[in-house]
Amino acid sequence: MGNGYFVSELKRAFFSRNTFISQLLIFVCIFIGSFEFIFHPYPGVNAIYLFMYSHSEGTSAILSLLFPVLVSLPFAASYVTDVRTGFIHYISYRMSRKKYLLIRLLVNGLVSGYVIASSLLVSFIIFLLIKKFDVSVVDTLNIIVLRGVYEYSPVLFVLIMILNSFVCGVVFSTLALGVSTFIHNHYLTIVFPFAFYILSGTLLFQINKFLNSAMLFDLEYDPDLKISYVALYDLILLIIGVALFFIGAAKHAE
């Protein structure tokens, strides 16, 4: 039952309306970020340049602002749905609660990471086609932290950014899923990661600039940023999200 349910939930999540809407909105954000440079032949604008401006470079890169909401949209509120429909009581007779919670965590993380990483990957392929596979190093891009990787292989640099976006999707959607067990509201569940994102960039930033969770998505957030800071922050938020999910679910079971 466990494996069959996992596959069933994975299909349900990947082909849901919310996932489609999330991916569509991500593509819109990517287009907005790169729009100016797609249709104007500025010198030095290649596929890497378009990718960075659609991702986090420049004031039009709204994906770097809205991604916490977009990755939470597909499945983060699924636990709330199961509770409201009574499905959680039905499934408890078919498998252990622990297995159900683990499957919910895995499916939520996978689909959330997928929607943003796959969208960025497809967009990069489109940028490659538009710019005739020009991936030369462009000095006008603000790339410092991963400069060595970028100069060695711009494509590898982009793939690292895409992989990191997958991790961000997992982390922020898990945080949303964890909070959902306490607030029991679809809309607040989806908005919460964005609220934390803004809070970390305003209040927590005043304590330490590396408490700004913007650095988790934008690896070029600060020239002093170390990848170890990003990994640690990701891990802490992931642990908090998982802990909240199990604690909240256990409290609800009582």
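Each residue, glycine too, has its Cβ placed from N, Cα and C.
Just so you know, TrEMBL annotations never went through curation; they're auto-generated.
Here the structure is a predicted model, which means the values were calculated and not measured.
The transmembrane segment annotation in TrEMBL covers 20-39 (among others).
Under the heading transmembrane segment, TrEMBL lists 59-80 (among others).
Among the features that TrEMBL reports, transmembrane segment is placed at 101-130 (among others). Long-range Cβ contacts of the transmembrane segment (101-130) within its own chain (Cβ-Cβ under 8 Å, at least 6 residues beyond either end) map to 2, 5-6, 9-10, 13-14, 19, 22-23, 26-27, 30, 34, 38, 47, 50-51, 54-55, 67, 70-72, 74-76, 78-79, 82, 158, 161-163, 165-170, 172-174, 177, 242, 245-246, 249.
The transmembrane segment feature in TrEMBL is assigned to 155-179 (among others).
As annotated by TrEMBL, transmembrane segment applies to 186-207 (among others).
According to TrEMBL, the feature transmembrane segment maps to 227-250 (among others).
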Requested in this report: Spell out yes or no: are there three or more C-beta pairs under 8 angstroms between the transmembrane segment (186-207) and the transmembrane segment (59-80), with each pair 6 or more apart in sequence?
Outcome: yes
Report summary line: Near the transmembrane segment (155-179) in space but 6 or more residues beyond its ends, with Cβ under 8 Å, are 48, 51, 55, 67-68, 71-72, 74-79, 104-105, 108-110, 112-117, 120-121, 124, 135, 143, 146, 149, 188-190, 192-193, 196-197, 216-217, 219, 230, 234, 237-238, 240-245, 248
